[in-house]
Amino acid sequence: MAAIGSLVFCTDCGNLLDGGAGKQNAILTCQVCGASCKDTSTKTIITRSKPSAFPSALRAKRSEVQTLTEADMQTSATIAHPCEKCGRDEVRYYTQQLRGADEGSTVFYECDCGHKWNTNN
């Protein structure tokens with residue numbers, strides 16, 4: 001009798017045998033050739049491998065601890081667009097979909113002087 005995982009096969013004819021339902025020392029009988037053998041499917045095989053056995057760039061990066069502060073996260077981009085209030089040449093902006101998906105998004109602008117405005121695309 002041969003066991004592959006939890007499946008047990010008859011060594012005489014190769015027929016798949018009914019499992020012994022986890023009972024130790026169970027004797028299984030082949031329905032085709034009548035051979036009787038011990039149930040080996042209850043054996044548990046545990047394998048272990050070292051992390052270095054399968055090198056991975058992702059695993060190496062996972063071990064590096066990264067911390068982000070609020071200042072590191074950038075929520076807006078800058079664009080060369082004049083401020084309506086102070087005339088500064090560069091302002092921050094972000095877009096947001098406020099209307100239907102088939103309509104354009106709304107662009108929100110903010111200048112360092114504190115002036116805010118928006119336009120619909």
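Counting begins at 1 with the first residue displayed.
Backbone N, Cα and C atoms are what each Cβ position is placed from, and that goes for glycine too.
Bear in mind that TrEMBL entries carry predicted annotations, made automatically and left uncurated.
Feature annotations, courtesy of TrEMBL:
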type    : residues             : note
BINDING : C10, C13, C30, C33   : Zn(2+) 1 binding site
BINDING : C83, C86, C111, C113 : Zn(2+) 2 binding site
DOMAIN  : 79-118               : domain 'TFIIS-type'
ZN_FING : 10-33                : zinc finger
Residues that sit under 8 angstroms from C113 (Zn(2+) 2 binding site) by C-beta distance, when 6+ apart in the chain: C83, K85, C86, R88
How big is the gap, in Å, between the Cα of C33 (Zn(2+) 1 binding site) and that of C111 (Zn(2+) 2 binding site), rounded to a whole number? 87
Using the Cβ centroid of C83, C86, C111, C113 as the reference point for the Zn(2+) 2 site, which residues of the same chain not in that list have Cβ within 8 Å? E84, K85, G87, R88, V91, D112, G114, H115
If we count other C-beta atoms within 10 Å, could you say which of the binding-site residues C33, C111 has the fewest? C33
